[in-house]
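A.B. asks: Residues or ranges marked as (6S)-5,6,7,8-tetrahydrofolate binding site in TrEMBL: LEU111, GLY115, HIS116, LEU117, SER343, PRO344, PHE345. Under the heading domain 'Serine hydroxymethyltransferase-like', TrEMBL lists 3-374. Under the heading N6-(pyridoxal phosphate)lysine, TrEMBL lists LYS220. The site 'Plays an important role in substrate specificity' annotation in TrEMBL covers HIS219.
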Amino acid sequence: MAKSISQLIKDEAKRQQNTLSLIASENIAPKEIRETTGSVLMNKYSEGYPGKRYYGGNEIIDQIEVMAQAAAKKLFGAEHANVQPYSGSPANIAVYTALLQFGDTVMGMSLPHGGHLTHGHKVNFSGKAYKFIQYGVDPETGLLNYDEIETQAKIFKPKLIVCGATAYPREIDFGRFGKIAKKVGAYLLADISHIAGLVAGGVHPQPFPHADVVTTTTHKTLRGPRGAVILCKNSLAEAIDKAVFPGLQGGPHDNITAAKAICLQIAAKPEFKRYAAQVVANAKALATSLQKLGFTLVTGGTDNHMLLVDLTSKNITGMKAERALEKVGIITNKNMIPGDLRSPFDPSGMRLGTSILTSRGMGEREMQEVAMMIAKVVDKPTSSAVLSAVKKEVAVLTKKFPIK
Ligand SMILES: Cc1ncc(COP(=O)(O)O)c(C=O)c1O
């Protein structure tokens, strides 16, 4: 007989507790945030914005949404915040809807080089509706080549430039992107979905005042509920709000809006600064340990929460490494590396992130242990003796750092 959903939720909680997750886009949201998403707020409909709703009974929801807007603006130094986007992809599409006409020229980072699907990939709505020119990283260094991006921008004269990434382990120079955008008369959208927690925690520079619009998910390094926010200058506020509702979405998910407010308030506290600094310290420690164990890292290291590992020197593909690691309870994701000749289903690399392990309380010492576990598995992925020994090490470490 199939298991009940409630049993499957218990199973998933156990899986999360008993594994070491290095998925760079995930985190462990605090209990308060998880409970808020499951609260009675989900019963309410509130199409519109605070004070201008299409349904009655919204006096409490209005207070919650205003609180979330205020916290978002304060955290990222923004003039205006829209806290209704259901997630990161619809947030980006809403920005395009607000600023562009179908067919307009836009520049975004290509997916195989670390950009997101919504930054103009051909299978995505963004790549179909707009004429996206894709920029990438230098295949030798793995770094963004700002001179090259500027040259492209001068040739193609985009109406909008999108910066930000899904798989880029280095700081993004928003100032330089802002200058390029200004030179060609383009808007600049900074999609800080991955690094928002680091920006909030003061360990990555802020995108404002260089960007005209900022989008971010709230569930990655920011450690909040599944969702997104859009931040912008006052001059674009009306266009952004109209694009989100009624342009793209219906009723906002008020339970999530409340959880966003809590997450944004937590992210302004000193403890969050310590967490953000530790996320980066852990990523650097993991990087150094892996390099000592013979791994090659794209760009030679990291400035943020993630590492891109080039597995070619280890003679294993991304898919095989991901599968072998999952067998011992280490959860990673295979990833393309710049200039990858292999398919995205079995690429040459893997992406590792330290947000979850940091949220569980682990520090640099544990990162050394994790690096050693990864090396043992990747070096001998078919040895059952190695796999069972590392599985035991994973069990000891996960038990020491329970998910709260
Ligand atoms: C840079 C970036 N933007 C947008 C998104 C989309 O977010 P969502 O999965 O919530 O739609 C992601 C998700 O990984 C991302 O990495």
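Including glycine, each Cβ sits where the backbone N, Cα and C put it.
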A.B. asks: Return the residues near LEU117 ((6S)-5,6,7,8-tetrahydrofolate binding site), defined as same-chain residues 6+ apart in sequence whose C-beta is under 8 angstroms from its C-beta, sorted by sequence, else 'none'.
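C.D. replies: SER89, LEU111, VAL123, ASN124, SER126 - these are the non-local Cβ neighbours of LEU117 ((6S)-5,6,7,8-tetrahydrofolate binding site), listed in sequence order.
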A.B. asks: Going by Cα-Cα distance, which of the binding-site residues (GLY115, HIS116, SER343, PRO344, PHE345) sits nearest to HIS219 (site 'Plays an important role in substrate specificity')?
C.D. replies: HIS116
A.B. asks: If you count CB neighbours within 10 Å, which one among the recorded positions HIS116, HIS219, LYS220 has the smallest count?
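C.D. replies: Comparing Cβ neighbours within 10 Å for the recorded positions HIS116, HIS219, LYS220, HIS116 has the fewest.
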A.B. asks: If you average pLDDT over the domain 'Serine hydroxymethyltransferase-like' (3-374), what do you get?
C.D. replies: 98
A.B. asks: Any of the recorded positions LEU111, HIS116, LYS220, PRO344 with a C-beta atom under 6 A from ligand 1? Give them in order, or none.
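C.D. replies: Close enough to ligand 1 are HIS116.
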A.B. asks: Round to a whole number and give the Cα-to-Cα distance in Å for the pair HIS116 ((6S)-5,6,7,8-tetrahydrofolate binding site) and the residue listed as 'N6-(pyridoxal phosphate)lysine'.
C.D. replies: 14
A.B. asks: As a test of the contact definition, list every same-chain residue at least 6 positions from PHE345 ((6S)-5,6,7,8-tetrahydrofolate binding site) whose Cβ is closer than 8 Å to its Cβ.
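C.D. replies: Those within reach of PHE345 ((6S)-5,6,7,8-tetrahydrofolate binding site), by Cβ under 8 Å and sequence separation of 6 or more, are MET319.
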A.B. asks: Considering the binding-site residues GLY115, PRO344, which residue's Cβ sits among the greatest number of other Cβ atoms within 10 Å?
C.D. replies: GLY115
A.B. asks: For LEU111 ((6S)-5,6,7,8-tetrahydrofolate binding site), just count the other CB atoms lying within 10 A of its CB, please.
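C.D. replies: Result for LEU111 ((6S)-5,6,7,8-tetrahydrofolate binding site): 24 other Cβ atoms within 10 Å.
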A.B. asks: Ten-angstrom check, please: count other Cβ atoms within 10 Å of the Cβ of SER343 ((6S)-5,6,7,8-tetrahydrofolate binding site), all chains counted.
C.D. replies: 12
A.B. asks: Looking only at LEU111, GLY115, HIS116, LEU117, SER343, PRO344, PHE345, the residues listed as binding (6S)-5,6,7,8-tetrahydrofolate, what is the longest Cα to Cα distance in Å?
C.D. replies: 17
A.B. asks: How many whole Å apart are the CA atoms of PRO344 ((6S)-5,6,7,8-tetrahydrofolate binding site) and LYS220 (N6-(pyridoxal phosphate)lysine)?
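C.D. replies: About 22 Å separate the Cα atoms of these two residues.
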